[in-house]
Amino acid sequence: MTTSTRPADGGDGSTRTGSGDRHHLPRRATLRTIPRLQAGYRQDAPAAVAAVARLRREAGRRVYASPTGWGLSHLEALTELREEERRKEEERHEGTPAPRHLSSPPRRMDEREAEREEEAVHLAVTLWALHQQSLRDEPMHVSGWPLGRSVRRLAHGKSGTRDRSEPSDAEKEPGDDKRADSEPVEEISPTIRKRFVRIGTSTDIETLGVRLREMVLLLRASRIPLDYGLLADQLHLWQNENRRDEVRRAWGREFHFAYGGTEPGSEEGDGASPLDEDLPDFTSADAGD
């Protein structure tokens, strides 16, 4: 269960329009972009290497704010998915525009929703480009590695997705599957925890982006991946103040969740965030300076 599977009501009067998949557009656009570029980059394909370099240069810039960011593949993917959804909707309305397009307030809500989608996809994909930089032997987008899980592994001073002493799946005996990162939470790095808390207490997208970039650089140094499809959906919801606490709770649960093993997931599939338990939110009192 993830934060992206909640009801379609936006909480601020907006609704997620189109088919039932409209609220997954950020994830879908991200997963249409990153796996393809990641495969090409790891094979040192010139076009992919150039595309990833362009994405890295856009890190820290708001979507569409700089002309150098026009024509990037992740924004093209999002546009294509929107067009697919629009055509499906017109088919449901027998070729005529959806009623909401004829009224100004719903149209403005759709525009705000589109802006949130664009910011989410842009931030997620440019973060991945930073994360993957100079790494050819391992993918840094891997499903099943939500933010909290990756940070927990980093906070225990580990690297990669698997401990050296951990047996492979073929070597495991029945019943050997145990919690990954099973060290006590009291033993985590206080510095990493503080950085994670500061991510949770961010109050605007610019600050959140800066703090996520700082964390991604640390994850890159330790070769710990992230599920960027899931992160894109979470960044989308985070921009709606009425749903921001859902994302914060998700990050907290991911950090505490007992994962069954440290084998990497798919580079293409959807990851899941453990949201079945109610754990405390991060608070501003923990954030520090």
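Glycine is no exception: its Cβ is also placed from the backbone N, Cα and C atoms.
Here TrEMBL flags 81-95 (among others) as compositional bias 'Basic and acidic residues'. Here the compositional bias 'Basic and acidic residues' (81-95) is broken down by DSSP into helix, strand and coil counts: 12 helix, 0 strand, 3 coil.
Marked as compositional bias 'Basic and acidic residues' by TrEMBL: 107-116 (among others).
Look at TrEMBL and you will find 160-182 (among others) tagged as compositional bias 'Basic and acidic residues'.
As annotated by TrEMBL, compositional bias 'Acidic residues' applies to 265-280.
Under the heading region 'Disordered', TrEMBL lists 1-44 (among others).
Per TrEMBL, region 'Disordered' is recorded for 81-116 (among others).
What TrEMBL records for 155-187 (among others) is region 'Disordered'.
The feature region 'Disordered' is assigned by TrEMBL to 258-289 (among others).
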DSSP helix/strand/coil residue counts for the compositional bias 'Basic and acidic residues' (107-116) = 10 helix, 0 strand, 0 coil
